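Just lifted these from TrEMBL, have a look:
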type    : residues                               : note
DOMAIN  : 5-83                                   : domain 'Pyrroline-5-carboxylate reductase catalytic N-terminal'
BINDING : Ile8, Gly9, Asn10, Gly11, Lys12, Met13 : NADP(+) binding site
DOMAIN  : 150-252                                : domain 'Pyrroline-5-carboxylate reductase dimerisation'
Amino acid sequence: MSRSVTFIGNGKMALALAKGLSTTHSIEVIGRTTEAVERFEASLGVAITKTLYQNADINNKNIIICVKPANLSEIAPLLKGKAEALYSVLAGTTLESLKSVDAHHYCRAMPNLAAETGASMTSLVGDTAIKTFALELFGTIGSVLWLSNEKELDIATALAGSGPAYLALIAEALCDGAVREGLKRDDAMTLMRGLFDGFGRLIQTTHPALLKDNVMSPGGTTAAGYGALEKGKVREGCMEAIRCAHERAKKL
């Protein structure tokens with residue numbers, strides 16, 4: 001049976017989620033201006049209910065809030081009624097902070113950039129009473145994982161939320177290396193994309209250490225390149241990236 005979902009905010013993440021949900025749910029979008037909400041509807045390609053903040057009634061609705069964290073305090077007083085559930089994708093905004101918006105249940109979610117392609121890795125935490133529906137909602141944009149507490153969500157944010165940026169750096173660096181050795185840029189990009197696509201499938205069922213061992217023969221080309229990565233402290237840099245991102249997530 002179709003259910004209704006109300007989005008507060010009309011940015012890229014809201015649009016990605018709405019695209020995943022629009023075939024099974026009716027969509028309402030609450031925005032700042034008529035023009036912004038109409039652009040959202042045009043991008044979605046599906047008729048939606050359009051509401052402005054000054055007319056917003058969230059009573060008994062399933063709300064997905066997708067605004068900038070700094071805007072929560074401004075928007076919360078404008079929302080009338082008590083929502084059935086509030087699902088938040090606001091980085092660093094605690095469940096306690098979300099209670100500035102009145103709701104029966106609360107859930108935090110951390111999707112990543114791949115939500116745009118329906119391949120997000122989304123971490124969630126919150127009231128277990130809405131766990132099933134939360135997993136259903138965010139499952140429309142990719143894989144989902146329910147965590148035990150907000151500390152775990154902050155760590156997950158550092159890994160899966162920020163991860164696309166780390167992998168983008170690796171991808172760019174590998175291409176730059178191939179170009180430096182004489183490969184055409186377009187060919188390097190094609191090879192890199194194929195590499196990431198294939199690796200993404202392999203890593204679903206095989207431990208990273210085993211993948212490495214399977215491709216690295218004694219004294220071979222992979223061993224030479226792998227040694228250079230270890231010498232460059234790539235492993236240490238990746239671990240430090242998670243630590244720094246986690247610390248930052250706690251301070252937001």
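Glycine is no exception: its Cβ is also placed from the backbone N, Cα and C atoms.
Note that TrEMBL annotation is computational and uncurated.
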For the domain 'Pyrroline-5-carboxylate reductase dimerisation' (150-252), jot down how many residues DSSP puts in helix, in strand and in coil.
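Each residue of the domain 'Pyrroline-5-carboxylate reductase dimerisation' (150-252) counted once, the result is 85 helix, 0 strand, 18 coil.
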Sorted by position, what residues of the same chain at least six away from Asn10 (NADP(+) binding site) have a C-beta under 8 A from it?
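Val29, Gly31, Ala36, Val37, Arg39, Phe40, Cys66 - these are the non-local Cβ neighbours of Asn10 (NADP(+) binding site), listed in sequence order.
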What kind of secondary structure is Ile8 (NADP(+) binding site) part of, going by DSSP in three states?
strand
Give the mean pLDDT for the domain 'Pyrroline-5-carboxylate reductase catalytic N-terminal' (5-83) on the 0 to 100 scale.
94
Where's the emptiest Cβ shell within 10 Å among the binding-site residues Ile8, Met13?
Met13
Residues near the NADP(+) site, Ile8, Gly9, Asn10, Gly11, Lys12, Met13 excluded, by Cβ within 8 Å of the Cβ center?
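Other same-chain residues with Cβ inside the cutoff are Phe7, Ala14, Leu15, Cys66, Val67.
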List every residue in the same chain as Lys12 (NADP(+) binding site), at least 6 positions away in sequence, whose Cβ is under 8 Å from its Cβ.
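Result: Glu116.
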Taking the binding-site residues one at a time (Gly9, Gly11), which has its Cβ surrounded by the most other Cβ atoms within 10 Å?
Gly9
